[in-house]
Structure formats: C-alpha cells, structure tokens
Amino acid sequence: MAYEKELDAAKKAASLAARLCQKVQKALLQSDVQSKSDKSPVTVADYGSQAVVSLVLEKELSSEPFSLVAEEDSGDLRKDGSQDTLERITKLVNDTLATEESFNGSTLSTDDLLRAIDCGTSEGGPNGRHWVLDPIDGTKGFLRGDQYAVALGLLEEGKVVLGVLACPNLPLASIAGNNKNKSSSDEIGCLFFATIGSGTYMQLLDSKSSPVKVQVSSVENPEEASFFESFEGAHSLHDLSSSIANKLGVKAPPVRIDSQAKYGALSRGDGAIYLRFPHKGYREKIWDHVAGAIVVTEAGGIVTDAAGKPLDFSKGKYLDLDTGIIVANEKLMPLLLKAVRDSIAEQEKASAL
C-alpha cells in the first residue's frame, strides 16, 4: 500500500487523540469549555488532541520535514488565568502517551505542550507535504455527547493523498437503518482510512480488528437515496438542502449529524448524498474536509463544490468555493448538480424580488 509508513503514523496519532477525547467527553466539566473569539466552543480535548497528533507524527516520521496545518494555536493558553487549564491538558496528554511504548518514560512539560500545539500553525499551500488536522471536528457535537471526529489528512503538492477519520461515537452498524455495511454489531467507535489509489477501509477504533474495505452507496434512483447534512442549522442552509432534496424526489428525511463522521458514514453507504451550504460570508477551512474527501472518493464517491468543480486544497488554510460542497456517487451526481443549480437559481430569484 502506498504511504504505508505515513498511514501507520496517522492511524496511531488519530486513535490516541480519540482516546484522549473520549476520556474528556465522559467526564465533561463546565470548566473544560472556553470561548473563542468566533464564539465556537473550544475544549481541553481540542488542545490535547492537537498536541497528541503533533507529537506522534513528529516522533514516528522524525526523518522528514514536518508541516502541520491545524485549527488551534496556544494563544489563549498563554493568557493570564489559563495555568490550571494548561496543566490539566498537559496531564491528559502525558497520561494518553504513557500508553504508548515509544513515549514511555518521557514526561512533557507545559512548555513542551505549548510547542506541540503551535506546530500546527503552518499555512499549507501547493508545494511539499502538509499534514492537515481538525483535532475535534464537530465541537458542538462533542459537547452534546454526539458525533465528532479526529480528522487527519496529508497533502502532497496540493493534492490529498491520505486521510484518517477517528469517529469515537459512530456505531459500526449503519446509522441510516439500511444496514448496507452488513454489520449487526452494537459496537461503537469507527476508524476510517484511505490512501490514494488504494481504497477506503473501516475498522473498530479500539481494537486490532481486521479492516474492511468499504464502498459508497450504489443507489441510482434519487427516490431511494437518503441524504446527510450538518446537525447545526448555523453550519448549513437546511432550507436550501430541503429544496434540492425535493427536486431530486428524495423521500427520506435528512440525517443530521455533526462532523466529518458524515464522510465516514457515506463512504460505507449509510447515505447516498451529502449537502453542505454554509451561510453567506462563511469561508470553509481545509481541515474540515481534507480527510473526509479522500475517505469518500477512495470509496467510489465524488466530492465537488456546488458547480461540480473538485475541491482545491492547495490554496492555504481556506477553500475557494462556489457556494457549497456536495457529495454523491457517480450515478447520482449529474442529477444532484442539476437540482443544486435549479434550487440556487430559484433562491437568488426570490431574494432579488
């Protein structure tokens, strides 16, 4: 398999970060939640997850130049009054890494932790290799006890070549009730991974179980398709998604879940369509889609903007998008693009009146 060494490191990093997140989610304390300037909640686990991934990748791939594009920086943790939070994160990270032989006996200081978090301040771009991380994708889902993901991808010369999604709360069985992935298991926690040209695989997050190759839904009739969208109305225009679904003839109600767990569920055929149309003025960040995009495309799906253009991850931290992001299989995509085009045109016409 291509990128075998990088994939092993990424799976280890994402799995350990997910273990840290699970520990925090189980005992979520009010003091864990801080407020960032953009009003989205950020947690102790967010910082801890980023530190774990940064430290594991650096150690496992020590012979290579290391560039990480990630969501968090340590600015808030360096402010007065943050010492208790910083020490708590440092302890969590140390406890998590102590389970790994390669880190046994090495204890991080708070300064080590801040440095690890700030390794994620790369800008990305079209040249070289860049790891791309969302340490907790779906922070609001995490805080509610719902879906979230540790999402880690690798860009090489601006192209996505590897992606790992650790989804601690995603059942092994289908979340759409169709049970296409043929699991009757009630086990929870999935790890999805893909490398370019090698397909997408899923396995239980907390076990050495054998990975299973997965495929997107083969549904050709939109009436039989189910579609995913963001749980939070603040993240996506649900009215526009509803209009598109109506034009397609989709009969099933939308499945609304947080985070790139949607991409994982789509890759194994739980749903057939994903619609994401952010509110005007919102700029999509690459860490919200890099890992998920390759997980779906390697499983046979197509990921584009609303005009049908492939997503371009080579422009730095932000995606330069036409309106939104849509995902479907090869058969449904032409029908979906037409429904999207017609619905957007109607919406623009209505707003001009």
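These residue numbers are counts, starting from 1, taken along the chain as shown.
Cβ from N, Cα, C; glycine included.
Annotated Mg(2+) 2-binding residues in Swiss-Prot are Asp134, Asp137, and among Asp288, Asp305, Asp312, Asp320 the one listed with them is Asp288.
Together with Asp134, Ile136, the Mg(2+) 1 site in Swiss-Prot holds one more listed residue from Glu64, Glu71, Glu72, Glu187, which is Glu71.
Inclusion criterion for the binding-site residues Glu71, Lys262, Arg276: a C-alpha placed within 10 angstroms of the C-alpha of Asp134 (Mg(2+) 1 binding site); this criterion is met by Glu71.
Residue pair Thr139 (active site, proton acceptor) / Lys262 (adenosine 3',5'-bisphosphate binding site) shows a Cα separation of 14 Å.
Using a 10 Å Cα-Cα cut-off around Glu71 (Mg(2+) 3 binding site), the binding-site residues Ile136, Ser259, Arg276 reduce to Ile136. A simple way to gauge crowding: the CB of Ser259 (adenosine 3',5'-bisphosphate binding site) has 29 other CB atoms within 10 angstroms, across all the protein chains here.
Shown in sequence order, Phe228, Ser230, Gly271, Tyr274, Gly292 are the residues of the chain, 6+ apart in sequence, with a C-beta less than 8 angstroms from the C-beta of Lys262 (adenosine 3',5'-bisphosphate binding site).
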